[in-house]
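Enquirer: One structure follows; several queries about it will come next.
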C-alpha cells in the first residue's frame with residue numbers, strides 16, 4: 001500500500017509528522033472491548049495510519065493487539081502507525097505521569113507511542129479508580145499544577161517513551177499557561193478538542209495556528225451520545241439539512257462532508273466508527289473538495305453546541321469551558 005504518511009500528514013512543531021485523518025477508538029462501556037480490536041484492524045486495512053486511544057477507554061490491550069496483527073501480516077510496519085494515548089485525570093501528579101504512560105505501553109505491547117497528551121486539564125483524586133466518587137456520588141477533583149504535569153510529559157519525551165507531547169480539552173488561557181512556563185522545553189504539539197460544524201472552534205483554531213499548535217478534532221461527526229457524558233436530547237449533527245444538501249451535491253455522505261470540512265480548515269480530524277462500511281466511507285475524503293460556498297455554509301452552522309460539557313468539573317480552577325475559547 002502506498003505510504004500515505006507525508007502526503008496526508010501535517011508537520012508538528014517538534015518535527016514529527018501526524019496523519020491528518022485519525023481513527024478514534026472510544027466506545028461506551030456496554031460495547032464489548034473486542035470490537036475495538038476488530039474495528040482497528042479494519043481501519044488499518046482501509047488506510048488509516050493514525051490511531052487515537054486513551055487510558056480512559058480501557059481498550060489498549062485490544063487496540064495494541066490489532067496493531068500487532070497488522071504488523072505481523074505485513075500490512076504495516078510500526079513506524080507507519082501514529083498512535084496516540086492520553087494521560088487520565090487521576091494521574092496528573094508529576095510522579096504518576098511516567099508510570100501511567102508505561103502502563104499504557106505495557107498494555108499495548110509497544111516501546112513508544114507517537115503522541116502522549118493530557119486528556120483533561122483538571123485532576124481527579126489520584127488512585128486506581130477511573131472516576132473516583134465521594135459518598136454522594138460526585139467526582140472527587142483535586143488541583144495539580146499543570147506546569148508540573150507538563151514537565152513530567154517533557155521527561156517522557158526525553159526518555160523516548162513518546163515522540164511528541166500535547167494536550168486535550170484546553171482553552172487558550174490554559175495553553176498560555178504552558179507556553180509561558182519558565183524553562184519550557186517543548187511546546188504542546190497539539191490540542192485535541194471537541195470540534196464539528198455546530199462547535200467549530202474558529203477562535204481557538206486561530207489561536208492554535210498562531211502558536212504552531214495543531215488543533216485535533218474529536219466528536220467531528222457529532223458525538224456517540226454516551227449518556228454518561230452527553231445529553232440525550234442534543235441535536236444529531238449528521239441529520240443537519242445543510243450538511244445533507246452539500247453531501248448530495250457531491251454524491252457523498254454528511255459524515256464525509258463534516259470530515260472534509262475540518263481538513264480544509266487545517267484541522268486534524270478523528271473519525272470513530274465500529275461499522276466496516278462507515279470506517280471505509282470515513283477514509284474516502286481525499287478525493288473530493290468542498291467549494292468556498294460549501295465551507296461558508298458549513299461555517300454558518302456554528303451554534304457553540306458542546307456535546308461533552310464536563311459539567312462536573314465546572315468549579316475547578318482549570319475548568320476549560322468557562323472561557324469563550
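Cβ coordinates are placed from backbone N, Cα and C, and glycine is handled just like the others.
Automatic, uncurated: that is what TrEMBL annotation is.
Found this in TrEMBL, in case it helps:
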DOMAIN    21-302  domain 'NADP-dependent oxidoreductase'
ACT_SITE  57  active site, proton donor
SITE      86  site 'Lowers pKa of active site Tyr'
BINDING   119  substrate binding site
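In terms of burial and nearby residues, how do these features look in this structure?
Expert: Around residue 57 (active site, proton donor), the same-chain residues at least 6 positions away in sequence with a Cβ under 8 Å from its Cβ are 25, 26, 27, 36.
Residue density at residue 86 (site 'Lowers pKa of active site Tyr'): 27 other Cβ atoms are found within 10 A of its Cβ, drawing on all protein chains shown.
Its Cβ taken as reference, residue 119 (substrate binding site) is surrounded by 19 other Cβ atoms within 10 Å in the chains shown.
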Enquirer: Calculate the distance in Å between the alpha carbons (Cα) of residue 119 (substrate binding site) and residue 86 (site 'Lowers pKa of active site Tyr'), and round it to a whole number.
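Expert: Here the two Cα atoms lie 5 Å apart.
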Enquirer: As a test of reading the model: what is the averaged pLDDT for the domain 'NADP-dependent oxidoreductase' (21-302)?
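Expert: Result for the domain 'NADP-dependent oxidoreductase' (21-302): average pLDDT 96.
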